[in-house]
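Record features (TrEMBL):
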type	residues	note
TRANSMEM	50-73	transmembrane segment
DOMAIN	50-472	domain 'Ammonium transporter AmtB-like'
TRANSMEM	85-107	transmembrane segment
TRANSMEM	127-146	transmembrane segment
TRANSMEM	158-180	transmembrane segment
TRANSMEM	200-223	transmembrane segment
TRANSMEM	244-262	transmembrane segment
TRANSMEM	342-362	transmembrane segment
TRANSMEM	374-392	transmembrane segment
TRANSMEM	420-445	transmembrane segment
Amino acid sequence: MATLTCSASDLASFLNTVNDTSSAASYLCSRFDTISKTLSDTSFAVNTTYLLFSAYLVFAMQLGFAMLCAGSVRAKNTMNIMLTNVLDAAAGALSYYLFGFAFAFGSPSNGFIGRHFFGLRDVPSPLTDYSFFLYQWAFAIAAAGITSGSIAERTQFVAYLIYSSFLTGFVYPIVSHWFWSSDGWASPTRPDNLLFGSGVIDFAGSGVVHMVGGIAGLWGALIEGPRIGRFDQSGRSVVLRGHSASLVVLGSFLLWFGWYGFNPGSFLTILKSYGESGGHYGQWSAIGRTAVTTTLAGCTAALTTLFSKRLLVGHWNVIDVCNGLLGGFAAITSGCSVVEPWAAIICGFVAAWVLIGCNKLAEKLKYDDPLEAAQLHGGCGTWGILFTGLFAREAYVGEVYPGRPGRPYGLFMGGGGRLLAAQIIQILVIGGWVTATMGPLFYGLEKINLLRISREDEMAGMDLTRHGGFAYAYHDEDDSSQKPAFAMRRVEPANVFFTPDNQSV
């Protein structure tokens, strides 16, 4: 490759004779070509660095999930839930490497499933690189982490291994292929035959990630049934409080931080101009706007939950506020790149009420989800998909999904109902697909006694019976759940109480 340096003496030899203009032109062009290639290499390097940094942020959300889950369960199950979060990442890495990435993004393929790049064969290629795999793997294990929260405190360890590998290696990749691969039947980046002339706009995964994880958790929790003591004999709800609000808040902040890789990072690149080069507006501006819409939706949902729960139950509850915050984030994830900041406030406000309504419904149906994962991710994710079909702005849709003038946009923004129709199709097919795959899996595990732990183990706590001891070095004389005689007794409503360390037994 020619060097980037050039001096007057280099050109002098060509300019001494009038007839040597061709050599001078070739010399100058070689330098310009070198500059062009160097700038191209720099562009690839900057975009890859941006994607890798976003992948690290999304992976850091696993720590947020771990802290949130640990704080939301009772102290006697802390080691178990922490181990399942590690397992989601570890088992998910192998299954996504071997099968999942190929099923999701193995182009060229058909509209249903990918069929190349198994075990990252032929990677890197002009179609993909290692950094893209890492980013997508972080998304896959996020979906598995959502599911683990729904079935916490009562699930056998082997069941986590099986469902986590199956979800990240097959169920989730198929859905991401449909909506994110350029070959997917409902993808907005297909070269032709777009669904309703639009394709589904699920930019960062309100449906692909949150609905998949939430619905999978819904079926797991339904098939297992509620935890012992969650509802008394008359059917009244009994609160089984998590043991650490501090861990819940820490986990929520870590998830908030990671969401800036989840949503803005889904652009995949940052060095892209909109219109003529050299201006102040480009993809970097859209990335900033996406971070703003994400922030506003989450914060609005948190404040709405704060005051709504104060009116409904009479006190300020930090756990509810954290869940409301995360519900706002889950909802805005679909349309974060194509809506105005003011619309994100509407998204967050409605998401808070969706979560409150889903929790009320769950209580009436005697559905037990220790982290409200199905309600939060499934319910708010569903609202987020619909929200995009209502509020997507024409100009932003054209920037994020270029090359198709006249593409449908939000119904309330004057774009007609075709995008909304596509979004409704997404909700239906994700619900059907996850039900058809994860429902039978959990049912089969239940039938062969591999899903739920024994009554004795559940009463004593899985840290003691399955993991060799408690997560915390403490001894509480008043904690009757640690006494073998209590663990063997049937729990009646009168036996449900709270110990000084805020455990319910």
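The backbone N, Cα and C atoms fix where each Cβ goes, and this holds for glycine too.
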Two-stretch contact, the transmembrane segment (342-362) and the transmembrane segment (200-223), at least three Cβ pairs under 8 Å: no
For the transmembrane segment (200-223), sequence-distant contacts whose Cβ falls under 8 Å of one of its Cβ atoms, 6 or more beyond its ends: 139, 142-151, 155, 163, 167, 171-172, 175-176, 179-180, 186-188, 262-263, 265-266, 330-338, 367-369, 373-382, 384-385, 388-389, 392, 397, 400-401, 419, 422-423, 425-427, 430-431, 434-435, 438-439, 442-443, 446, 451
Recorded stretch that, among 85-107, 127-146, 158-180, 374-392, 420-445, has the most CB pairs under 8 Å to the transmembrane segment (50-73): 127-146
Long-range environment of the transmembrane segment (85-107) - Cβ separation under 8 angstroms, sequence gap at least 6: 59, 62, 65-66, 69, 113-120, 127-128, 132-133, 136-137, 140-141, 144-145, 148, 160-161, 164-166, 168-170, 172-174, 176-177, 180-183
Mean of the pLDDT scores, which run from 0 to 100, over the domain 'Ammonium transporter AmtB-like' (50-472): 94
Residue numbers, six or more beyond the limits of the transmembrane segment (420-445), whose CB comes under 8 Å of its CB atoms: 159, 162-163, 166-167, 170-171, 174-175, 178-179, 186, 195-196, 198-202, 207-208, 211-212, 215-216, 219-220, 223-224, 334, 382, 385-386, 388-390, 408, 410-411, 451
